[in-house]
Amino acid sequence: MSQSGADPEQRQQASEADAMAATFRASEHQHIRYNPLQDEWVLVSAHRMKRPWQGQVEPQLLKTVPRHDPLNPLCPGATRANGEVNPPYDGTFLFDNDFPALQPDAPDPGPSDHPLFRVEAARGVCKVMCFHPWSDVTLPLMSVPEIRAVIDAWASVTEELGAQYPWVQIFENKGAMMGCSNPHPHCQVWASNFLPDIAQREERSQQTYHNQHGKPLLLEYGHQELLRKERLVLTSEYWIVLVPFWAVWPFQTLLLPRRHVQRLPELTPAERDDLASTMKKLLTKYDNLFETSFPYSMGWHGAPMGLKTGATCDHWQLHAHYYPPLLRSATVRKFMVGYEMLAQAQRDLTPEQAAERLRVLPEVHYCLTQKDKETAATA
């Protein structure tokens, strides 16, 4: 009997037998991968990259941004919403967020009256950090010393706020696609009296791995990726940049120190210099991928501060996550909807393919290359 004449159960059994007989190729066949850091799975469906795109196309990014706009509340000398005037800063500038999500003096909600309606106190502070006085630059277009100043400021604010709060979250939302309406180069710093959900998952996962294997999870992971090489994007004397085996976003990367470091303030001067150079190279590659100012959300995760310092945090390894949404071009992004919201994360492009595309990109910014060409043409 031909398969077309078989009943549905026979056809399913035949299909499963064919699948088992085929040679698995991660670049061609769907599979799920485990994220040991955040204890979750991602569905990888590489064959979907062949499908035509008929979904939403984002508008082209604004080509020019004024270097200084007196009405921009992040510019030097500008007046912010609360009436305060920014100083004429020429480097980094840290100030209290005028519309904070966390405040230090919120009242205690008291005990919950039912286990299904738990409420706990949430206190903290929110700050904004400008990277540069000019609105028309981004981190990849800044100099290495300027980026080093940002890293020093990150370390300082982590130490300062960490003296009072166990979790200090540094994060940057770059581009309107990631909800950033102000093009001025800046990040945010939220410190809280509680560990957020993702920090709690990373705490549990790293503690469990350390208990079972006697070494930090991410330190061992970095060593393994250096041996395997296929997901590496950049390596330097002190840092590793890779597309994680379990990456969810198309060109997601993980930035890791080579040695065991728990928190940003622990980085040596040499490691900070190297980090500045590595960040510039990575973010230049991002911009060069689709020749656009590449949007992303990024942030640092390190061992909790305050009472959770010392030997109890030996399982932690400092790291930065970069989550860029672009998938096929400067105007086609990945959406986290439907299956991702109701079941689990899913991606099309494999992490290995993404790493290869980033790895081969030049480390000179396309804007600078274009300017050189224009200069040569008019010479």
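Heads up, the Cβ atoms here are built off N, Cα and C, so glycines get one too.
Residues or ranges marked as compositional bias 'Polar residues' in Swiss-Prot: 1-15.
Taken from Swiss-Prot, the feature region 'Disordered' applies to 1-20.
Under DSSP, HIS184 (Zn(2+) 1 binding site) is assigned to coil, being neither helix nor strand in the three-state scheme. Neighbour density for HIS184 (Zn(2+) 1 binding site): within 10 A of its CB lie 23 other CB atoms from the protein chains shown. Annotation source Swiss-Prot lists Zn(2+) 1 binding site at CYS75, HIS184, citing sequence analysis.
Among the features that Swiss-Prot reports, UDP-alpha-D-glucose binding site is placed at ALA81, ASN97, ASP98, ASN173, GLN188, LYS334, PHE335, MET336, VAL337, TYR339, GLU340, with the record citing similarity to another entry. There are 18 other Cβ atoms within 10 Å of the Cβ belonging to GLN188 (UDP-alpha-D-glucose binding site).
Long-range C-beta contacts of HIS186 (active site, tele-UMP-histidine intermediate), restricted to its own chain and to partners at least six residues apart, with a cutoff below 8 Å, comprise LEU74, VAL128, MET129, CYS130, PHE131, GLU172. The active site, tele-UMP-histidine intermediate annotation in Swiss-Prot covers HIS186 and rests on sequence analysis.
Taken from Swiss-Prot, the feature Zn(2+) 2 binding site covers GLU202, HIS301, HIS319, HIS321, and the record attributes it to similarity to another entry. The number of other CB atoms found within 10 A of the CB of HIS301 (Zn(2+) 2 binding site), across every protein chain shown, is 21. In the three-state DSSP reading, HIS301 (Zn(2+) 2 binding site) counts as strand.
Taking the Cα atom of each, GLU340 (UDP-alpha-D-glucose binding site) and HIS319 (Zn(2+) 2 binding site) are about 24 angstrom apart.
Other than GLU202, HIS301, HIS319, HIS321, the residues of this chain whose Cβ falls within 8 Å of the Cβ centroid of the Zn(2+) 2 site are, in sequence order, LEU37, ILE198, LEU218, LEU254, GLY299, TRP300, GLY302, ALA320.
HIS319 (Zn(2+) 2 binding site) has GLN188 as its nearest neighbour among the binding-site residues ALA81, ASP98, GLN188, going by CA to CA distance. The Cβ neighbour count for HIS319 (Zn(2+) 2 binding site), using a 10 Å radius over every protein chain in view, is 21. Within 10 Å of the C-beta atom of HIS321 (Zn(2+) 2 binding site) sit 21 other C-beta atoms, taking all shown protein chains into account.
Cβ contacts within 10 Å of ALA81 (UDP-alpha-D-glucose binding site), excluding its own Cβ and spanning all protein chains shown: 8.
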